[in-house]
Amino acid sequence: MTVILLLPTIELIIVGALCGIVGVFAVLKGRVFFTESITHATFPGAILGVVIAGRNGLFLGALLMCIGMSWLMRRLTRLSTQTAQASAGVVLTVGFALGYFLNKWFAPLPIRIEGFLAGSVLSVRLIDVLVSAVVLVVVVGIVNSFHSSLILYCFDEPGFVSAGGKQHRAEALILGMIVATVVCVIPAIGTILSIALIAAPAAGLKTVVASPRQLIVAAPVAGVVISLAGLFIAVYFKLSVGGTIAIAAGVFYCLCMSLSCLKSPRTT
């Protein structure tokens with residue numbers, strides 16, 4: 001059993017840290033709904049990738065669909081009177097509906113539909129772990145180099161621009177990290193449940209930490225703890241690992257909010 005869990009454990013350590021870091025900027029910049037819509041956009045892309053190139057095409061198909069849907073979302077926001085949230089809602093609905101349509105059209109697929117939606121971390125391969133590790137290294141490099149300017153952009157966009165910052169570059173970095181993360185975690189936690197691990201650590205800890213820099217450190221640690229807790233609880237009770245991780249993320253968020261309420265001074 002220990003040998004069987006070795007690769008999934010390594011994958012979830014990497015994925016938990018990655019989702020935690022990227023989630024900080026998704027939460028601080030208000031890109032959580034964008035992230036959720038992109039998680040649904042990976043569904044049809046992953047199916048097309050698998051149909052065309054087998055399981056090895058999963059990442060490329062999901063990435064290309066994410067890029068296309070991100071472009072569509074931005075265009076809808078700029079060319080119409082719709083808000084960014086409305087455009088994200090359109091992409092979310094279209095992406096998920098298209099995924100189910102393609103799933104039926106190309107049935108039977110070489111990979112079960114549950115593997116797309118909730119992941120199958122116990123079946124991850126070495127290539128899945130390597131892809132996640134590469135994305136984590138790149139994200140850590142970006143955050144280490146640009147964390148000050150990205151934090152300023154998240155909190156004070158006009159001030160960021162006044163200081164000489166490039167708005168499109170900062171936005172591209174944040175959205176690029178989100179897209180890459182959503183794509184590479186598909187084998188572990190799927191297309192739908194990944195939003196829980198991306199959003200919950202940062203959203204919960206935001207209410208209890210003292211600064212954004214502390215949040216950048218604490219969120220990936222929380223992501224790893226949530227991921228491993230979900231894995232071992234699921235294995236012990238014979239539950240879905242992806243679903244258990246999502247529930248653990250929700251519990252963590254509720255605990256953080258409760259702690260925040262206890263720390264807040266009561267008004268009379």
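Each Cβ is built from the backbone N, Cα and C atoms, and glycine gets one as well.
Feature annotation from TrEMBL assigns transmembrane segment to 12-34, 46-72, 84-103, 115-143, 172-203, 215-237, 243-262.
When Cβ-Cβ distances under 8 Å to the transmembrane segment (115-143) are tallied for each of 12-34, 84-103, 172-203, 243-262, the top count falls to 172-203. Recorded stretches compared: 12-34, 46-72, 84-103, 172-203; the one with the most Cβ pairs under 8 Å to the transmembrane segment (215-237) is 12-34. Within its own chain, the transmembrane segment (12-34) has Cβ neighbours under 8 Å at 73, 84-85, 88-89, 121, 129, 132-133, 135-136, 139-140, 143, 150-151, 153-155, 174-175, 177-178, 181, 184-185, 188-189, 194-195, 197-203, 206, 212, 215-216, 219-228, 230-231, 245, counting only residues six or more beyond its boundaries. Remote same-chain residues near the transmembrane segment (172-203) are listed as 8, 11-12, 15-16, 18-20, 22-29, 31-32, 34-36, 38-40, 42-43, 46, 58-59, 62-63, 66-67, 70, 99, 114-121, 123-125, 128, 131-132, 135, 138-139, 142, 146, 150, 153, 215, 218-220, 222-223, 226-227, 241-243, 245-246, 249-250, 252-253 (criterion: CB distance under 8 Å, separation of at least six residues from the stretch ends).
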